[in-house]
Amino acid sequence: MINLILLGLPGAGKGTASEQIVDKYHLAHISTGDMFREAMANKTPVGLEAKSYIDKGDLVPDEVTAKLVEERLGQDDVKNGFILDGFPRTTNQAELLDEITTRLNKQLTNVIAIDVKEETLIDRLSARFMCKNCGATYNKFSKKPKVEGTCDRCGGHEFYQREDDKPEVVKNRLEVNEKMNAPLKEYYDKKGLLATVNGEQVPEKVFADIDAILSKD
């Protein structure tokens, strides 16, 4: 069984790699963003608790997010393994996750960091654009829609660039993320769980390297 966390700065290619891993290994793809939306829509107790913070514009405390993760990891589709997306972001969250996975007997098997140089990430992120309708992500260099001007996923025709994908904002965002990412890598390296792949390569090669790590274990 594979229970996996992918680490990497924005633009490193975690989304693409996650899709490829899920397709091959049939893991549950657990995204904290999706979890929040689902729990709030279903009005679960934890969802309502999270909503009370979000509605006030406050950050959701780690303990509340951890409850949400525990609720999600207890669902049936996780029995073949999971890939966690967006959690943990800090060592405090990593410690909470250790407690959860121990309680549920679903310990992590792999933590894979996708490493990419800062200048490459700035180029990638400032070339990124999204479908206004469904949020599918594209890149004007490496991942254009199959039909120009038409979203592959939903057929929409309107696209936009996020404010935080503009070059002047990207550099600052990367620095903030790196400050959070570095201690996490160290945390999992000390536990002997961390492997690193070169994210400068084409997505197929990045996935081949990840696949080699996952197949080995």
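Heads up, the Cβ atoms here are built off N, Cα and C, so glycines get one too.
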31-60, 91-120, 181-210 - the one Swiss-Prot records as region 'NMP': 31-60
The one of C131, C154 whose CB sees the fewest other CB atoms within 10 Å, among these binding-site residues: C154
Distance, Y138 (ATP binding site) to T32 (AMP binding site) (CA atoms, angstrom): 21
List of residues, in chain order, with Cβ under 8 A from that of R89 (AMP binding site) and at least 6 apart: M180, L184
Beyond the site residues C131, C134, C151, C154: chain residues whose C-beta lies within 8 Å of the centroid, for Zn(2+): K132, N133, G135, A136, D152, R153, G155, G156
Binding-site residues (V60, C134, C151), the one with most neighbouring Cβ atoms at 10 Å: C151
Other C-beta atoms that fall within 10 angstroms of the C-beta of F87 (AMP binding site): 22
